[in-house]
Amino acid sequence: MATSHASVSSHAKAAHNPKLQDSRCLSPLLEWMKHHIEHQTALETTILKDCTYFTRKEILRLHGRYHELAPHLVPMDYTNEPDVKVPLALIVNMPELKENPFRNRIVESFSEDGMGNLSFNDFVDMFSVLSEMAPRELKAIYAFKIYDFNVDNFLCKEDLEKTLNRLTKEELTPEEVVLVCEKSIEESDLDGDNKLSFADFENMISRAPEFLSTFHIRI
Amino acid sequence: MELTGLNRTDSATAGQGYYSAGQSLRLRRLSSRVSNQNATPHFDWGSSREGGEDGNEEEPQNVRELPMPFGLRKAVRQVQQMRIPVASRRMRQSRALKRFSAEAKNALALVTLWRRAIHQIGGHFGGGVQSYFVFLRFLVVLNFLSFLLIAAFVLIPGIVFHSLDLSSSVPQLPNSTNITGKEECMVYDPNPGALTVFYTYFLDLLSGTGFMEYSYMFYGYYNNTLVVANGFSYNIPLAYLLTASFYFIFCFICIIVRMGGVARVAVTTGGGAARSYSMMVFTGWDYGLQGDRATKLKKNNIRYQLQVDLEEERIKLKTQSQTLLQTVGLYSLRAFLNLVVIGLIIGAFFGITLATRYSQETDKTQNGILDLLLEYLPSIVITASNFVVPFLCDQIALLEKHSPSTTIILALLRAVFLRLVSLGVLLATLWLNITCNSKPDECIPCGYNYGQYQCWETRVGQEMYRLALFDFLTTIAVLILVEFPRRMVVDNCSWKLIKWVGRQEFLVPPNVLGLVYAQTVVWTGTLFCPLLPLVNTIKLIIIFYCKKVTLFHNCRPATKTFRSTSSNIVFFLVLMFGWILATTVLIYSIAELHPSFGCGPFRFSSTMWSTIPNSFQGLSNTTQEFLRYVGSQAFSIPLFIFSCVLLCYVAAVASVYGKSVALLRTQLQLEGRDKQFLVKQIEELTQKLGIPKHDRDPMVLSHGGAPWEQQQDGHS
């Protein structure tokens, strides 16, 4: 798509220079250009629309938000899938995420490299899973990833302790923390290995009626 | 293992950042092998074109539900698009149906009343408070639909016939009545004098007398007209009676349906069990919270809840280790305190009886505020007792030393008992007055206490109307006079005592009880005051907005979270109790009491019920035969037996499901242990045979079977 960018700019320059071309020949070209760009935009939003739970309008609005995060980094118009990735530090400053104790883990879980740098597709993906239209199973999968701090596909005691400390801003006494973690694992661990696998987690989530409404960010 | 070979050949063609088909083939084979216990969606790259057959009923996999990174999902979608699906007609139909149901659900969500407000409330204050507002919304919809029902069959025909002034407004005399000698009973003069002071209109609006008494609002205005014109016949008394009955049945069905939905949620989530720690930790945080204050409050809330739960455990352990003497002492203390509570409640009933009798019997000659107060006396006494007695019971409950959850349930039960039975006491007193229990000779001429009540149904309707209105006024008054000033004092005054008292907390049980009480009043009163559901609808809508305002401005989030799943069922059970009370009142009034001669649609019947047998004669012979058969024993006993059989079947099916759930759970556990055993064996074997580490693939089996398995090697 870089070539089309170049061609657009060159033709735009040509249009402004009356000596080069007759404007009557240029305007259909510009029309085609605009149509082509819109078509590409429509194509990309179609891909995003099919792969996430957002409508086309919402995707365009999200792109506005994404652009606001790093205006110099993200191109204004949404033409192609650029290789731009906004770093973690900028994303966790969004008002929707700023106060969330798990904001770093959320962004890391949705990034491809695991370091929290989100491309626009990952960004839309993140908010799609966190929206109210995503099904429970999908949310449970990502919730598991978020709470799995050491990324070993198990929720072990350390993961739980970290989760609990972030939840209560470390105001529980250490004994209470240990007690709560022990009881949590005791309640949900089905295969008896003293840590929670995804199956245990999903089983526990299926019994929590508020999960769908709490694991939800409105954007 | 052949999979590793496949892995090697394909890693060379590893793509530009998303998996190539071969590597994903491995994923597919993997997940189908390892995961009996993972019912997770995995993408079937190799699925055939005609996805309709061989059991793959569901549609080309929904790309959105795949838990893969975005790049991979895009590839999946592209592959799907390339496979031009030869969609069978069945698939197309099912797809259209799915799309239609999704659209319908979206539309329904838009139409749902106050959806966004309730979601906001749930986000800030939790599920318990949200359940109150959901309950309120349910009652609003119920009352509005009831009003439509009543309007369609009673109000609008009444208006039409009144305005058309049809000739058959001559009172219809059923054949069997004998009204000679009862002329004095037929005198009913509700209209006030022609010249009245302006403010009396306002007083009349509040008390239901005066200009309001002889209006569509109350029973007395409706005539017992039987309109027969051009082959169209409409029998107002019958319509009135049947509408009242259907109203009750409709409410019953709505409550049952709603309760079923709530119970289903409670059963699937194992409701009733103590709030589990793991759920608190993993689902306690509301991701939608924004703003510094809300998050701080939520963190405090979670911390407090965990500490309370731990405290309950400690108390439980302590009580288990009590000596016998202490246990006996505690139980006798509790028995004594229960007696005290019962004594208080009976005292309240006595007060209500006295107040009602006094209010009904004194003559209200002078118009004015004093008269208004006198008319409102029963309502005032009831409301006062509803405030005072639960407060005292709460103080007593502190001495009883139950666990926090038991205390809440006990307080709720006591308050329910107090409120609903005090309403029953009021009605019983009225009834005793009407049927002149104390002075039997007053009832002889007309069959009811004509001296006091020229039109007793309207009086009862007025009493219910006043109860409803007074309840509404009290709520608003408490809001304005107590909650807002309290917040202003707490925020601006820096005394320690004030800070310790703190802001108002939105307590769910008393509020819900208020709603149930108001709804019971409406149910008992609708027979005598047909527009009461409309009054209640408007009242509940105003209360919704007022409560919402006070919640956000004056209340702090509850420190004790109210468990919403099990308590939802309790709300509906209490509502059902109110419904039963109202039905008893309805049945008694219809079947036993003599309607007034001077007013109403049942003027000349001996009881309200007798309209039905009378109009029964008017039906055709076949209908009569059919209805007689339905009412006879030959039909009802087989029906009863059949419903018993159905009940047993449903109970058996439910227990089988419960057992299979338990079985599956044990199976899950066993499989987990099998897996661990196998992993250990593999490790031992490979160690023994000396196979180098990177050729082994133990990570495949030792991972938790998570559905987003990413291969550890061969990927950039």
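The chain as shown is numbered from 1 upward.
Note: Cβ is positioned from N, Cα and C throughout, glycine not excepted.
The region 'Disordered' annotation in TrEMBL covers B:32-63.
Marked as transmembrane segment by TrEMBL: B:134-161 (among others).
Counting only same-chain residues 6+ beyond the ends of the transmembrane segment (B:238-257), those with a CB under 8 A from a CB of the stretch are 142, 145-146, 149-150, 153-154, 157, 222, 523, 526-527, 530, 572, 575-576, 579, 582-583, 586, 590, 601-602, 608-609, 611-612, 615. Feature annotation from TrEMBL assigns transmembrane segment to B:238-257 (among others).
According to TrEMBL, the feature transmembrane segment maps to B:335-356 (among others).
Below 8 angstroms of C-beta separation, residues 207, 333, 337, 340-341, 344-345, 348, 351-352, 355-356, 358-359, 407, 410-411, 414-415, 418-419, 422-423, 426, 463, 466-467, 470-471, 474, 510, 517 of the same chain, each at least six residues beyond the ends of the transmembrane segment (B:376-399), sit close to that stretch. Per TrEMBL, the feature transmembrane segment maps to B:376-399 (among others).
Below 8 angstroms of C-beta separation, residues 341, 345, 348-349, 352-353, 356-357, 360, 378, 382, 385-386, 389-390, 393-394, 397, 438, 459-460, 463, 467, 509-510, 513, 516-517, 520-521, 524, 570, 574, 577-578, 581, 585, 588, 593 of the same chain, each at least six residues beyond the ends of the transmembrane segment (B:411-432), sit close to that stretch. Sequence annotations record features per position, and here TrEMBL assigns transmembrane segment to B:411-432 (among others).
The domain 'TMC' feature in TrEMBL is assigned to B:455-564. DSSP labels the residues of the domain 'TMC' (B:455-564) in these numbers: 86 helix, 4 strand, 20 coil.
What TrEMBL lists as transmembrane segment is B:464-482 (among others). Residues 206-208, 217-218, 375-376, 378-380, 382-383, 423, 426, 514, 517-518, 521-522, 524-525, 528-529, 532, 535-536, 539, 542-543, 546-547, 550 of the same chain lie 6+ residues outside the transmembrane segment (B:464-482) yet bring a C-beta within less than 8 angstroms of a C-beta in it.
Here TrEMBL flags B:569-591 (among others) as transmembrane segment.
The feature transmembrane segment is assigned by TrEMBL to B:635-657 (among others).
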Per the Cβ under 8 Å criterion, with at least 6 residues separating them from its ends, the transmembrane segment (B:134-161) contacts 113-114, 118, 169, 216, 221-223, 225, 227, 234, 236, 239-240, 242-243, 246-247, 250-251, 254, 258, 512, 515, 519, 522, 526, 530-531, 533-534, 536-537, 540-541, 543-544, 547, 568, 571
Residues from the same chain, set at least six apart from the ends of the transmembrane segment (B:569-591), whose C-beta lies under 8 A from its own:
131, 135, 241, 244, 248, 251-252, 255, 258-259, 262-263, 266, 271, 409, 412, 416, 420, 423-424, 427, 431, 512-513, 516-517, 519-520, 523-524, 527, 607-609
Kindly state the mean pLDDT of the domain 'TMC' (B:455-564) in the predicted structure.
84
